[in-house]
Amino acid sequence: FPGLADVSISEDIPVEGEITVPVGSRSPDEDFSTLDEPVRETIMRDLKAVGKKFVHVMYPKKSSALLRDWDLWGPLVLCVSLALMLQGGSADSKDDGGPQFAEVFVIIWFGAVVITLNSKLLGGTISFFQSLCVLGYCVLPLTVAMLVCRLVLLAGAGTVSFIIRLIVVVAMFGWSTLASTAFLADSQPPNRKALVVYPIFLFYFVISWMILTFTPQ
(Lines of atoms letter the chains of each structure in order from A and count residues from 1; the text may use other names and numbers.)
(Lines give C-alpha, C1' and ligand atoms only; values in the text may rest on other atoms or scores of the structure.)
Protein backbone atom coordinates (compact mmCIF):
# COMPACT_ATOMS: atom_id res chain seq x y z
CA PHE A 1 0.00 0.00 0.00
CA PRO A 2 1.91 3.09 -1.17
CA GLY A 3 -0.23 5.43 0.94
CA LEU A 4 1.07 3.87 4.15
CA ALA A 5 4.68 4.70 3.43
CA ASP A 6 4.30 8.24 4.79
CA VAL A 7 2.52 7.17 7.98
CA SER A 8 4.66 7.41 11.10
CA ILE A 9 3.88 6.70 14.74
CA SER A 10 4.91 9.25 17.30
CA GLU A 11 7.11 8.03 20.11
CA ASP A 12 4.78 9.71 22.65
CA ILE A 13 1.89 7.42 21.75
CA PRO A 14 2.04 4.10 23.63
CA VAL A 15 1.34 1.09 21.49
CA GLU A 16 1.45 -1.42 24.29
CA GLY A 17 -1.69 -2.62 26.02
CA GLU A 18 -4.11 -5.50 26.53
CA ILE A 19 -6.39 -6.50 23.70
CA THR A 20 -9.63 -6.58 25.65
CA VAL A 21 -13.18 -5.48 24.90
CA PRO A 22 -14.86 -3.55 27.71
CA VAL A 23 -17.99 -5.30 28.89
CA GLY A 24 -20.74 -3.49 30.78
CA SER A 25 -22.15 -4.75 33.99
CA ARG A 26 -24.64 -7.57 33.57
CA SER A 27 -27.91 -7.82 35.34
CA PRO A 28 -28.67 -10.94 37.42
CA ASP A 29 -31.32 -11.97 34.88
CA GLU A 30 -28.74 -12.15 32.10
CA ASP A 31 -26.57 -14.54 34.12
CA PHE A 32 -29.58 -16.77 34.97
CA SER A 33 -29.85 -20.07 33.16
CA THR A 34 -32.22 -22.98 33.46
CA LEU A 35 -29.16 -25.15 34.02
CA ASP A 36 -28.64 -23.40 37.34
CA GLU A 37 -32.17 -23.68 38.71
CA PRO A 38 -33.56 -26.68 40.62
CA VAL A 39 -35.44 -29.32 38.66
CA ARG A 40 -38.55 -28.71 40.76
CA GLU A 41 -38.70 -25.04 39.71
CA THR A 42 -38.27 -25.98 36.05
CA ILE A 43 -41.10 -28.52 36.22
CA MET A 44 -43.40 -26.14 38.09
CA ARG A 45 -42.75 -23.36 35.59
CA ASP A 46 -43.55 -25.67 32.65
CA LEU A 47 -46.70 -26.93 34.39
CA LYS A 48 -47.86 -23.35 34.97
CA ALA A 49 -47.25 -22.55 31.29
CA VAL A 50 -49.31 -25.58 30.22
CA GLY A 51 -52.08 -24.60 32.66
CA LYS A 52 -52.22 -21.07 31.24
CA LYS A 53 -52.64 -22.49 27.73
CA PHE A 54 -55.48 -24.70 28.98
CA VAL A 55 -57.17 -21.57 30.32
CA HIS A 56 -56.76 -19.83 26.96
CA VAL A 57 -58.46 -22.78 25.24
CA MET A 58 -61.36 -22.96 27.70
CA TYR A 59 -61.89 -19.19 27.27
CA PRO A 60 -61.04 -18.81 23.58
CA LYS A 61 -60.18 -15.37 22.34
CA LYS A 62 -57.84 -13.92 19.79
CA SER A 63 -54.55 -14.25 21.61
CA SER A 64 -51.00 -15.02 20.59
CA ALA A 65 -50.21 -16.91 23.80
CA LEU A 66 -50.41 -20.35 22.20
CA LEU A 67 -48.46 -19.15 19.18
CA ARG A 68 -45.73 -17.24 20.99
CA ASP A 69 -44.88 -19.80 23.70
CA TRP A 70 -45.73 -23.01 21.91
CA ASP A 71 -45.01 -26.47 23.31
CA LEU A 72 -46.16 -30.03 22.64
CA TRP A 73 -46.39 -31.27 26.25
CA GLY A 74 -50.04 -30.31 26.61
CA PRO A 75 -51.13 -31.88 23.29
CA LEU A 76 -49.23 -35.06 24.15
CA VAL A 77 -50.95 -35.37 27.55
CA LEU A 78 -54.38 -34.71 26.02
CA CYS A 79 -53.79 -37.18 23.19
CA VAL A 80 -52.67 -39.94 25.56
CA SER A 81 -55.54 -39.23 27.97
CA LEU A 82 -58.15 -39.30 25.22
CA ALA A 83 -56.70 -42.49 23.73
CA LEU A 84 -56.68 -44.19 27.14
CA MET A 85 -60.31 -43.26 27.80
CA LEU A 86 -61.31 -44.54 24.35
CA GLN A 87 -59.50 -47.79 24.97
CA GLY A 88 -61.92 -50.65 24.63
CA GLY A 89 -61.11 -53.47 27.05
CA SER A 90 -59.58 -53.61 30.49
CA ALA A 91 -55.94 -54.43 31.11
CA ASP A 92 -56.64 -57.98 32.40
CA SER A 93 -58.80 -59.05 29.47
CA LYS A 94 -57.76 -60.73 26.25
CA ASP A 95 -58.60 -57.58 24.29
CA ASP A 96 -56.52 -54.96 26.05
CA GLY A 97 -57.41 -52.18 23.64
CA GLY A 98 -53.83 -51.77 22.38
CA PRO A 99 -54.64 -51.38 18.67
CA GLN A 100 -57.49 -48.98 19.48
CA PHE A 101 -55.14 -46.84 21.57
CA ALA A 102 -52.69 -46.75 18.66
CA GLU A 103 -55.45 -45.89 16.20
CA VAL A 104 -56.65 -42.94 18.27
CA PHE A 105 -53.09 -41.73 18.84
CA VAL A 106 -52.23 -41.91 15.14
CA ILE A 107 -55.51 -40.32 14.00
CA ILE A 108 -55.04 -37.29 16.25
CA TRP A 109 -51.41 -36.63 15.38
CA PHE A 110 -51.69 -37.51 11.69
CA GLY A 111 -54.78 -35.33 11.36
CA ALA A 112 -53.03 -32.42 13.05
CA VAL A 113 -50.02 -32.79 10.73
CA VAL A 114 -52.24 -32.87 7.62
CA ILE A 115 -54.13 -29.74 8.72
CA THR A 116 -50.84 -27.99 9.44
CA LEU A 117 -49.42 -28.86 6.02
CA ASN A 118 -52.65 -27.69 4.39
CA SER A 119 -52.39 -24.41 6.29
CA LYS A 120 -48.79 -23.89 5.20
CA LEU A 121 -49.58 -24.68 1.55
CA LEU A 122 -52.41 -22.13 1.61
CA GLY A 123 -50.02 -19.40 2.72
CA GLY A 124 -50.28 -19.54 6.51
CA THR A 125 -47.86 -17.34 8.42
CA ILE A 126 -47.39 -19.54 11.51
CA SER A 127 -44.79 -22.25 11.89
CA PHE A 128 -45.38 -25.98 11.71
CA PHE A 129 -45.08 -26.59 15.46
CA GLN A 130 -47.17 -23.54 16.35
CA SER A 131 -50.08 -25.01 14.40
CA LEU A 132 -49.60 -28.43 16.00
CA CYS A 133 -49.60 -26.76 19.42
CA VAL A 134 -52.90 -24.97 18.81
CA LEU A 135 -54.65 -28.01 17.30
CA GLY A 136 -53.42 -30.23 20.12
CA TYR A 137 -54.41 -27.91 22.94
CA CYS A 138 -57.86 -27.39 21.41
CA VAL A 139 -58.56 -31.11 21.90
CA LEU A 140 -59.07 -30.23 25.59
CA PRO A 141 -62.87 -29.64 25.33
CA LEU A 142 -63.31 -33.00 23.59
CA THR A 143 -61.21 -34.69 26.28
CA VAL A 144 -63.57 -33.21 28.87
CA ALA A 145 -66.51 -34.47 26.80
CA MET A 146 -65.01 -37.97 26.79
CA LEU A 147 -64.64 -37.87 30.58
CA VAL A 148 -68.28 -36.78 31.00
CA CYS A 149 -69.45 -39.51 28.63
CA ARG A 150 -67.56 -42.15 30.59
CA LEU A 151 -69.24 -40.98 33.79
CA VAL A 152 -72.67 -40.97 32.13
CA LEU A 153 -72.13 -44.49 30.80
CA LEU A 154 -71.45 -45.70 34.32
CA ALA A 155 -75.12 -45.01 35.09
CA GLY A 156 -76.20 -47.15 32.15
CA ALA A 157 -76.66 -46.95 28.39
CA GLY A 158 -80.07 -45.86 27.15
CA THR A 159 -81.93 -43.15 25.29
CA VAL A 160 -81.49 -40.57 28.04
CA SER A 161 -77.80 -41.40 28.30
CA PHE A 162 -77.35 -41.02 24.54
CA ILE A 163 -79.12 -37.64 24.50
CA ILE A 164 -76.94 -36.32 27.32
CA ARG A 165 -73.79 -37.54 25.59
CA LEU A 166 -74.93 -36.08 22.28
CA ILE A 167 -75.50 -32.64 23.80
CA VAL A 168 -72.14 -32.69 25.60
CA VAL A 169 -70.18 -33.88 22.55
CA VAL A 170 -71.82 -31.39 20.18
CA ALA A 171 -71.16 -28.52 22.58
CA MET A 172 -67.52 -29.47 23.08
CA PHE A 173 -67.07 -30.08 19.35
CA GLY A 174 -68.21 -26.53 18.66
CA TRP A 175 -65.95 -25.26 21.46
CA SER A 176 -62.87 -26.99 20.01
CA THR A 177 -63.60 -25.77 16.50
CA LEU A 178 -64.21 -22.17 17.56
CA ALA A 179 -61.16 -22.12 19.83
CA SER A 180 -58.81 -23.41 17.14
CA THR A 181 -60.14 -21.06 14.46
CA ALA A 182 -59.87 -18.12 16.87
CA PHE A 183 -56.14 -18.77 17.16
CA LEU A 184 -55.45 -19.80 13.55
CA ALA A 185 -57.82 -17.65 11.49
CA ASP A 186 -55.70 -14.48 11.52
CA SER A 187 -52.66 -16.35 10.23
CA GLN A 188 -54.36 -17.21 6.94
CA PRO A 189 -55.05 -15.09 3.85
CA PRO A 190 -58.59 -13.61 4.02
CA ASN A 191 -59.73 -15.32 0.83
CA ARG A 192 -58.56 -18.78 1.98
CA LYS A 193 -59.86 -18.99 5.53
CA ALA A 194 -62.72 -21.31 4.54
CA LEU A 195 -60.23 -23.78 3.02
CA VAL A 196 -58.41 -23.90 6.35
CA VAL A 197 -61.46 -24.08 8.61
CA TYR A 198 -63.05 -26.99 6.70
CA PRO A 199 -60.25 -29.53 7.48
CA ILE A 200 -60.27 -28.37 11.11
CA PHE A 201 -64.03 -29.01 11.20
CA LEU A 202 -63.51 -32.54 9.83
CA PHE A 203 -60.64 -33.22 12.24
CA TYR A 204 -62.65 -32.45 15.37
CA PHE A 205 -65.77 -34.06 13.88
CA VAL A 206 -63.97 -37.40 13.54
CA ILE A 207 -62.76 -37.21 17.14
CA SER A 208 -66.25 -36.25 18.31
CA TRP A 209 -67.79 -39.17 16.42
CA MET A 210 -65.35 -41.58 18.07
CA ILE A 211 -66.34 -40.21 21.48
CA LEU A 212 -70.08 -40.32 20.82
CA THR A 213 -70.05 -43.88 19.45
CA PHE A 214 -67.84 -45.21 22.24
CA THR A 215 -69.38 -48.05 24.24
CA PRO A 216 -67.37 -49.82 26.96
CA GLN A 217 -66.96 -53.56 26.61
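Note: Cβ is positioned from N, Cα and C throughout, glycine not excepted.
Residues annotated as domain 'Yip1' in TrEMBL: 59-210. As annotated by TrEMBL, transmembrane segment applies to 70-89, 101-122, 134-156, 162-184, 196-215.
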Revision key, fill the gap. Same-chain residues at least 6 beyond the ends of the transmembrane segment (70-89) with CB under 8 Å of its CB atoms are 46, 49-50, 53-54, 95-97, 100-101, 104-105, 108-109, 112, 127, 129-130, 132-137, 139-140, 142-143, 146-147, 150, 207, 210-211, 214, 216-217
Exercise for review: Take the domain 'Yip1' (59-210) and average the pLDDT across it for me.
Suggested key: 80
Check your understanding: Is the transmembrane segment (162-184) packed against any residues at least 6 beyond its ends, judged by a Cβ distance under 8 Å, and which are they?
Key -> 57, 60-63, 66-67, 119, 124, 126, 131, 134-135, 138-142, 144-145, 148-149, 152-153, 196-197, 200-201, 204-205, 207-208, 211-212
